[in-house]
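Colleague: This structure is in structure tokens; I'll ask about it shortly.
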């Protein structure tokens, strides 16, 4: 039977949806429950990764170390994963992750800037971790360029390479085409991370698996940036229907999502106007709350901010540019 590994990102991508205000105690309770569902790995921490707690992205409720101290002891079955935006997270964060037993170190850069991650990838490997390259915004460049940057990531030592659709912009056929091309071009496994701004996260994840992806990112109830991510319980049900083993206890996952996560969610992962715009414009989902706040501050429609961010092809870590965009739009009124 074909197998797929699920990385659960409820406690990391979901942090965006809580303005990074998970407490260490909440993370510990959720991590222990998620650990019992059968996921391959659990990723946790600030939404913008280790080192992300800052004025530009939003201060977290706790430090990286405090989250590590809370989560690491309670996870007994799944592996621990962290994500770093090179330049935001440094060697110090990698050493911290290693100290607490993280197995996977994921490096996320704009796909055209994957060379920025070279040092981080090599250091993670030196520390005995499994380095993963996460490449966003592939849907806005030609497939041949996606392949070229994938090969660069492999040459740096990445042992898994992810295609990340951070805006929920891609259509399933685009996802299939890119994953298939990546799979053919390199010798390491391929993963996919989708967002649900056009309600296509499950469809895109399914297309990725059909094209050969072996790793899929999910969150309980899809809890994540923008309109959320691929919901773990829905994706697990789809995989079961397709007779693909993803290791998930479906009933337990559904029950944990309802009992433990729902009470902590500020809102359901519905698709409203601004979230639709994220997917339509190809704007990274983590920009949503920043665009809404900047729009309110300057009297500008957040959709116009999101559209301009998509046009500029900004990526995660540049969220504070929403203020500049909103100010410029306000001056044109």
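Placement of Cβ uses the backbone N, Cα and C atoms for every residue, glycine included.
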Colleague: According to Swiss-Prot, 193, 195 bind Mn(2+); which of 13, 35 is also listed for that site?
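Modeller: Answer, per Swiss-Prot (Mn(2+) site with 193, 195), from 13, 35: 13.
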Colleague: Is residue 195 (Mn(2+) binding site) helix, strand or coil when read with DSSP?
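Modeller: The three-state answer is strand.
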Colleague: Consider each pair of residues in 12, 13, 193, 284, all listed by the record as binding substrate, and report the largest Cα separation in Å as a whole number.
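Modeller: The two farthest binding residues have Cα atoms 15 Å apart.
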Colleague: Which of the three DSSP states, helix, strand or coil, fits residue 284 (substrate binding site)?
Modeller: coil
Colleague: Setting 13, 193, 195 aside, what same-chain residues sit with their Cβ within 8 Å of the center of the Cβ atoms that define the Mn(2+) site, listed in sequence order?
Modeller: 9, 164, 165, 166, 194, 201, 217, 219, 224, 225, 229, 230, 285
Colleague: I'd like to know the mean pLDDT over the domain 'Pyruvate carboxyltransferase' (4-254).
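Modeller: Across the residues of the domain 'Pyruvate carboxyltransferase' (4-254) the model's pLDDT averages 96 on the 0 to 100 scale.
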Colleague: Between residue 16 (active site, proton acceptor) and residue 284 (substrate binding site), what C-alpha distance do you get in Å?
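Modeller: For residue 16 (active site, proton acceptor) versus residue 284 (substrate binding site), the Cα atoms are 12 Å apart.
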Colleague: For the recorded substrate site, enumerate neighbouring residues of the same chain (Cβ within 8 Å of the Cβ centroid of 12, 13, 193, 284, site residues themselves excluded), in sequence order.
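Modeller: Near the substrate site, beyond 12, 13, 193, 284, sit 9, 16, 47, 83, 164, 166, 195, 217, 224, 225, 229, 285, 286, 316.
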